[in-house]
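Chemist: Let me give you the structure first, and then I'll get to my questions.
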């Protein structure tokens, strides 16, 4: 008779323990132990580790699977889910084998676990293990089905509420944490009072300063409040602010942006010209053309306005990036002047405010929502539907994408639903938002998501004080080194080409993410370990480092509303010389819009629950 010692670990989440009857069956290459109840003196309580022994009358061969089964107590009237962390089996030969679980188990359910060792499908030979892989994916494809967010956009999980998702990809919320994901919680935390329903305009900029408690202001928030009107700080944010991947080197002025040397010569070094600085690589451009022609939202029956500006910037000999020309619409003409630093101070400030308003939409919808959240959702779905739990790539990626689906559903419901924050408190509103996202999605390319390629394509390799680039490349290289090391352990180039599960993974990403596959540059298949390593690095970088770059500073840079206005209540100026302080105050969002957006950016970047994953 063979004796197997079994350690049973219950998770430490609230409610992880169970009063259900749990049975275990050890399945080997030539037989099985039969079903044995896990009986203990203290029970399977949260955080517990229980030791049992199973005696087999005959040899079962190499241990392949551990099968768990749950049965309810009290004649089936009580169902008490159990969260099993892992099972460790010590064989009669003294070999310990780890069988990870890390999921919830309901009554009358059966769950088969395989050993923790990662293995490619081509390396599995036992019929039981091959069947386990197929069953694993079959169940996942039933649990995680594709849905349509909007035509022309990456597809999403077919679920409207987090409760529709399997427990394995959901947070184990306490009521306190669930409460954090509300605007009301953010208002309470910020102590914003009842002004969130105040539809009045601001009477003076100073009122904004007293709005937020000094205790809630970060070092960066205070700096932004003090320096938001300075040209060098305006330029700095294109490099190291919330949206550091839009700026590009200007090798030739766009035809619709007729800036002349006479216009900008006062902003350039003596004896230099615009053409000379372009040739030296010192002129940069931000073009918000994706906003062209979109009609503004209505907030409280008041028309809001969008602009699609072009902004020209100069990298000075002092290594500062400063704006030298701004045009607020894409079509040049007499009613669309080019604003300059040499203009009236108020005219120039208002032009910069309109650029920052356009920046709000580009940042939140394109670089944040689309390029990290929606892409991350496609990556997550492809992982869950095509890579079994034993696949080395599943083990490598799942820690980075596990909760993406839940957090995206919550964010869609709160932020971009028809009655969400964007519909109520931004100039772009709901329908124009969808059109903008489609435009942004049509420009998605593989190279734009791979930081080293992105830096080269935008021509920003040498611009000074670009800390996002420097730190980002360091992180990219660190991630690549780790990923390549792991994948090289399991794959050679031939293994990559023969891995059908891997091919299905990339097929599903391309199929559900892009309308015109051939124009994106995304790999249609993987041929080498190096190609695969680059792609996996991109996935991990996108959902971790890149997301942190565009998310975590939202309160820092956006709490001071004039620096990051979600909406503008007056149209772009059509001539110079008319702007006053009152014009600027009329243009900025009203009190209610300001406070609600402040609460949102606080929620997204400050909450211990949300900030790490949205």
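Glycine too: its Cβ is placed from the backbone N, Cα and C atoms.
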Chemist: Quick one: which of 155, 484, 547 does TrEMBL put in the Fe cation site with 368, 373?
Modeler: 547
Chemist: Of all the recorded positions given, namely 15, 17, 80, 81, 104, which is spatially nearest to residue 368 (Fe cation binding site) at the Cα level?
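Modeler: Result for residue 368 (Fe cation binding site): the nearest of the recorded positions is 104.
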Chemist: Under DSSP, the domain 'PLAT' (2-119) has how many residues in helix, strand and coil?
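Modeler: Breakdown, helix to coil: 3 helix, 65 strand, 50 coil.
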Chemist: Using an 8 Å cut-off from the Cβ centroid of 15, 17, 80, 81, can you name the remaining same-chain residues around the Ca(2+) site, in sequence order?
Modeler: 16, 18, 19, 20, 82, 83
Chemist: Across all the protein chains here, work out how many other Cβ atoms are within 10 Å of the Cβ of residue 81 (Ca(2+) binding site).
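Modeler: Looking across every protein chain shown, the total is 16.
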Chemist: Counting other Cβ atoms within 10 Å, pick out the least crowded of the binding-site residues 15, 17.
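Modeler: If we count Cβ atoms within 10 Å for the binding-site residues 15, 17, the smallest count is at 15.
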Chemist: From the Cα of residue 104 (site 'Essential for stabilizing binding to COTL1') across to the Cα of residue 81 (Ca(2+) binding site), what is the distance in angstrom?
Modeler: 6
